[in-house]
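According to TrEMBL, the feature domain 'Cytochrome b/b6 N-terminal region profile' maps to A:24-250. Annotation comment: TrEMBL describes A:57-76, A:122-141, A:153-173, A:218-243, A:264-292, A:342-362, A:383-402, A:414-438 as transmembrane segment. If you look up TrEMBL, you'll see A:489-508, A:522-548 marked as region 'Disordered'.
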Amino acid sequence: MSTASHEATDATARRGKAPAGERLADWADGRLGIYGLAKANMRKIFPDHWSFMLGEVSLYSFVIIILTGVYLTLFFHPSMQEVVYNGPYVPLQGIRMSEAFESTMHISFEVRGGLLIRQIHHWAALVFVAAMLVHMMRVFFTGAFRKPREVNWVFGFLLLVLGMFTGFTGYSLPDDLLSGTGVRFMEGAILSVPIVGTYLQMFLFGGEFPGHDFVSRFYTIHILLLPGIMAALLVGHLILVFYHKHTQWAGPGRTNKNVVGMPLLPVYMAKAGGFFFLVFGVIAACAAIATINPIWAFGPYRPDQVSTGAQPDWYMGFSEGLIRVMPGWEINLWGHTLQLGVFIPLIIFPLVLVTIAVWPFIEAWVTGDDREHHILDRPRNRPVRTGFGAAWISWYLILLVGGGNDLWATHFHLSINAITWTVRIGFFAIPALTFVITKRICLGLQRRDRDKVLHGRETGIIKRLPHGEFIEVHEPLPQDQMHTLTAHDQPEPLELGPDVDENGVRRKVDRKTKLRAKLSRSMYGEGAQIPKPTAAEHAEITSGHGHH
Amino acid sequence: MKKLSARRRHPLAALVVLLFALAATGGLYAAFAPAEKAQADSAQSLATEEGKKLYSVGCASCHGTSGQGTHNGPSLVGVGAAAVDFQVGTGRMPAQQPGAQVPRKKAIYDQAQIDQLAAYIASLGPGPAIPTKQQYSPDGADIANGGQLFRTNCAQCHNSTGKGGALSEGKFAPTLDGVDPKHLYEAMLTGPQNMPNFPDSTMPQKEKKDIIGYLAQVDSSKSSSPGGLELGGLGPVSEGLFAWIFGLGAMITVAIWVAAHTAKARKS
């Protein structure tokens, strides 16, 4: 034994045995190397704002969906074998149905807690996609997608799209009359694809619709393929959030180089852990209060039956809107039919989603900005981006109205034809209108900010001057608010430079550059932003020449 | 006979003969006429008579003075008592105003008056009669078969549990919640407004009864909703609205609350 070892043993003897927690950590570190990971991440700082928790809502709903989904797989039979129902639900007794439907009835009426778990699963799915969309809009309107977060934007977008399709395949599994109508719709859309449509349909359904395969195929896609990809993307998404660090709002002491907030451990661990249970609680409460997808009311799927009010879950509603408002055009040539009434909506469907997804790249290209951004934009300070986002939302919403046109008709006592025509015109007009209005509102708010910085806040105190004039007393803003209101930078629009060079020769400017300059002017040129107050302006106004 | 012969020229003789003749015909009639039928006929004709009066006041302006129809309302010849009982019994007729469709409203005639109106309209031409309780009562119906028939024949307009739906140009299939079984039966029998009719030749009486039985089970005050609130029974649109407003709304409220309560070190 060496001297050092002797000393170490002595030290141990002196301090007594290490506490159990320390020994456990030591054991784990020796095998997993967690010390380095913990050291780097336990004190990771996260900024605080409610809108940063929307992503958490999606994450936790996803976890809830997986947990409840596992329970459902224990009882669900993904089979289209025909059986006769003999369960406790009287109005379906003796009716022929697929085993998929029968096992879902079994889950709903006979499995302990089955209906509650089913409803939690389904409500969580609706909330999951809704939270993803709102989270994405938060990222969009605050410019959180800018460098270095473009890849994470794409990951998030893919999660949204996959979430929609995972939802759709799951909704189709019970093989009820409502979802079967949705699957029939999808089959029709596939059939409308020129040349390959029929082959694709035969491949997917293994024969004529509905065949005997689609439930088991959708089952694999729903529980294995798509959630697997989503889980991988989700991990990547979270790793990138850690790697990039979270964005923060502008404010005193907050720069592009720091993060002001609370450490992950213990504050965010407690908050996030607690928030998980709150999310679970809200979803469980929804599931306990309200029915979702009452398949017993719809009955089993039969291709010869259909119910009115056949809509998909909300996240597919805009595709329903596209098909409902599209005129039934078709082209008949050489004995072949091109079903434009279905094919055009099928093309526009991904375009709607891609339109919002490509914006960050367009914006980056136009601005030519390759700096890193960790400070969020206030939406008003980027009127064109905000206008575009609002226009996209209005576009999405008008399509949702189209998707529910029958319920709008019955509940507002309107003609369904009038609604359809409104949506047709609104499809083109409303986004344009929304863009203009939103941009105007943003500019107005920028003016207001400018006014507040230069002239202070309206106090609501009315003072009468000796000569009888009434004035409202304005109070200068506190320093930190002035900082926050003027922290954003205002890019200069891209200039093409003179038409001719120093030798009088016409410069060649390619079309792409011209387009870029034009877009840049529309985003940052005159009329697209209100110049923020400068220190000099502020000094001049507050130098004290009477009231202002 | 002398007495008789002597007085046959008496001024009152003709009166006496007339009295005898009247008594004889009356007596014979009373003896031979089928008494019950005569009474029923008079009741029937009385109802028809009363019905015609009601008709002239409440219906004739649109349907014509003798039910022949005008450009404001269709002919009622041959629609039958069942159609009258449905239209007037559900308050649809008399119509309040022209429009895409005449909606259900509070009935303004009582059942006795409706029966009189029905008797009058039935007298204009043969048509389906008002069904008996035996026919429309949901008791003894095959509910599962009714559900199957409902999904095949009715759900495409009325929704799979009869919550109603939209038709073109502002017309609609009304909700069947709270509709009297008799009126359900009559609607199937007569096909009011935009509804196709299902006479006994296409849908036998038993099947109509099954459908009524199904609706009594799934779409009445007695029907249960195992999953909690039905949200109108309208499917994914109302579910989506609920998820956004109450689901996500609650999430955001909770998020704001969590974000507002933090371990921030207070400066003062």
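In case you wondered, yes, glycine gets a Cβ from its N, Cα and C as well.
Among the listed stretches A:57-76, A:122-141, A:264-292, A:342-362, A:383-402, the one sharing the most Cβ pairs under 8 Å with the transmembrane segment (A:218-243) is A:57-76. At the 8 Å Cβ cutoff, the transmembrane segment (A:122-141) and the transmembrane segment (A:264-292) share at least 3 close pairs (sequence separation 6 or more) and count as touching.
Per-class residue totals from DSSP over the region 'Disordered' (A:522-548), listed helix then strand then coil: 10 helix, 2 strand, 15 coil. By the Cβ criterion (under 8 Å, sequence separation of 6 or more), the transmembrane segment (A:57-76) is not in contact with the transmembrane segment (A:414-438), since fewer than 3 such pairs are found. Counting same-chain residues at least six beyond the ends of the transmembrane segment (A:153-173), those with a Cβ under 8 angstroms from any Cβ of the stretch are 58, 69, 76, 78, 100, 104, 121-122, 125-126, 128-129, 132-133, 135-136, 139, 145, 179-180, 182-183, 186, 214-215, 218-219, 221-222, 226-227, 229-230, 233-234, 236-237, 240, 293, 312-313, 315-316, 353, 357, 360. For the transmembrane segment (A:264-292), the residues of the chain that approach it from at least six positions outside its boundaries are 41-46, 53, 56-57, 60-61, 63-64, 116, 119-120, 122-124, 126-127, judged by C-beta separation under 8 angstroms.
Beyond the ends of the region 'Disordered' (A:522-548), by six or more residues, the same chain brings 363, 366-367, 381-385, 439, 443, 446-447, 449-450, 453-455, 471, 474, 476, 482, 485-486, 488, 490-493 to within a C-beta distance below 8 angstroms of the stretch.
Note: the region 'Disordered' (A:489-508) comprises 0 helix, 2 strand, 18 coil (DSSP; helix = H, G, I, strand = E, B).
The average pLDDT the prediction assigns to the domain 'Cytochrome b/b6 N-terminal region profile' (A:24-250) is 94.
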